[in-house]
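Engineer: As annotated by Swiss-Prot, (6S)-5,6,7,8-tetrahydrofolate binding site applies to Ala121, His122, Val123, Glu243. The feature site 'Plays an important role in substrate specificity' is assigned by Swiss-Prot to His226, with sequence analysis given as support. Here Swiss-Prot flags Lys227 as N6-(pyridoxal phosphate)lysine, drawing on sequence analysis.
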Amino acid sequence: MSLPKELEKVLEITKAQNVWRRTQTLNLIASENVMSPLAESVYMSDFMSRYAEGKPYKRYYQGTKYTDEIETLTMELMNEITNSKDCDLRPTSGTIANAAVFRVLAEPGDKALIAPVQAGAHVSHTKFGTLGALGIQHIEMPFDEENINVDVDKAIKMIEEVKPKFVVLGGSLYLFPHPTKELAQHVHAVGAKLVYDAAHVYGLIEGKVWSNPLKDGADIMTVSTHKTFPGPQGGAIFSDGSEVFKQVSKTIFPWFVSNHHLHRLPATAVTAIEMKYFGESYANQILRNSKALAEALAERGFKVIGENLGYTKSHQVAVDVRQFGGGNKIAKLLEDANIIVNKNLLPYDKPEDVSDPSGLRIGVQEMTRYGMKEGEMEEIAELFKKVIIDKKDVNEVKKEVIEMRRNFLEVKYTFDDMKDLEKYSSKSLKLII
């Protein structure tokens, strides 16, 4: 019997996606990454078919003995590499993690301070997203465009005047660390809590190239497990013994999560172990690559944000492309050449420019995991120039991109090349390519 046409279509689309994004494109989306083959193999396990509500050893379902083991082990590993005391892996995304924290810290009508939207605040921090859904007022802290950061003195004054229930630091356009130490004591002085959204920089924190906000005064930290931390898509919440964490942990189930997608757990554990042994070298290479790419783009005539500050201290690079037609046009043009980035608001844009902002946001973390280094960042900058400035035929540039990727198809910073793993491997679990 031949396969139904519908099934053939599903398999064709899946294969096309895997071939395209795994072997033919420069993946420079700042919020994405790639798991190791080992992490992917344990991701595709029986856990994906199972349910487990509640906390380990206190479940509402039977048949969870191995779920309890893997969840407990994964939390221990995550606390170890994060240098934290508390971890909850049940949020299924960073936004769900934020929602649980925000709901505990404030009631409808209460106030929260955030960074401006156009300066990098994630949509979940705003009235357009999770805060709005919870009925919490968002007030934007003053922002220093020259230093691409929260204006500390003005923010302190606002904290003292507004007396919010909580303050959120961290963001989705995040070139430089927010002033956690500088604001923490002032936040606490008015009885508020400091929430740090480390979704984008969690892997950098673990790699010890970004200051740990829990050690700098943050009460609680939310993360994604699939950006600079190269694990499965999901979220987590950490604290260093905060009472807030206990309250939040009680609300995740049943308010925000029922079953928490158990197949994430072994893949997250594998990634945590990879980061334990390879995280520092990976994070350091990410920073070298982002700096190299920013400098190479600037040398070729692009307006790279943050020149006076060294361009970036994270995995991200931000480029103003207004003179070439704006972020929307240029992101699409680059995609035609198999270079994948996203359009992004820049600090001096208006919130209403979100559909066609001035900028591009570029992230180097995924191509770094494929083994690219500073030399390849020079090549990538040259490809940007060919597409955007030189206006070369995008199909010709696409050929160059595909040729470049042929040398960077294997995930690095992992144990996958060790023969000891062969007894655990299963060819049936490999991606369809």
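Note: Cβ is positioned from N, Cα and C throughout, glycine not excepted.
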Engineer: Please report the distance from the Cα of Ala121 ((6S)-5,6,7,8-tetrahydrofolate binding site) to the Cα of His226 (site 'Plays an important role in substrate specificity'), rounded to the nearest angstrom.
Structural biologist: 18
Engineer: Checking the spread of the (6S)-5,6,7,8-tetrahydrofolate site as listed (Ala121, His122, Val123, Glu243): what is the longest Cα-Cα distance, in whole Å?
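Structural biologist: So the binding residues stretch over 26 Å, Cα to Cα.
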Engineer: According to DSSP, which kind of secondary structure is His226 (site 'Plays an important role in substrate specificity') found in, if we only use helix, strand and coil?
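Structural biologist: DSSP call for His226 (site 'Plays an important role in substrate specificity'): coil, neither helix nor strand.
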Engineer: Looking at the binding-site residues Ala121, Val123, which sits with the largest number of other Cβ atoms within 10 Å of its Cβ?
Structural biologist: Ala121
Engineer: Determine, to the nearest whole angstrom, how far the Cα atom of Lys227 (N6-(pyridoxal phosphate)lysine) is from the Cα atom of Val123 ((6S)-5,6,7,8-tetrahydrofolate binding site).
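Structural biologist: Just about 17 Å between their Cα atoms.
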Engineer: How big is the Cα-to-Cα gap, in Å, between His122 ((6S)-5,6,7,8-tetrahydrofolate binding site) and His226 (site 'Plays an important role in substrate specificity')?
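Structural biologist: The separation of the Cα atoms works out to 16 Å.
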Engineer: Please report the Cα separation of Glu243 ((6S)-5,6,7,8-tetrahydrofolate binding site) and His226 (site 'Plays an important role in substrate specificity') in Å, rounded to an integer.
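Structural biologist: So the Cα of His226 (site 'Plays an important role in substrate specificity') lies 27 Å away from that of Glu243 ((6S)-5,6,7,8-tetrahydrofolate binding site).
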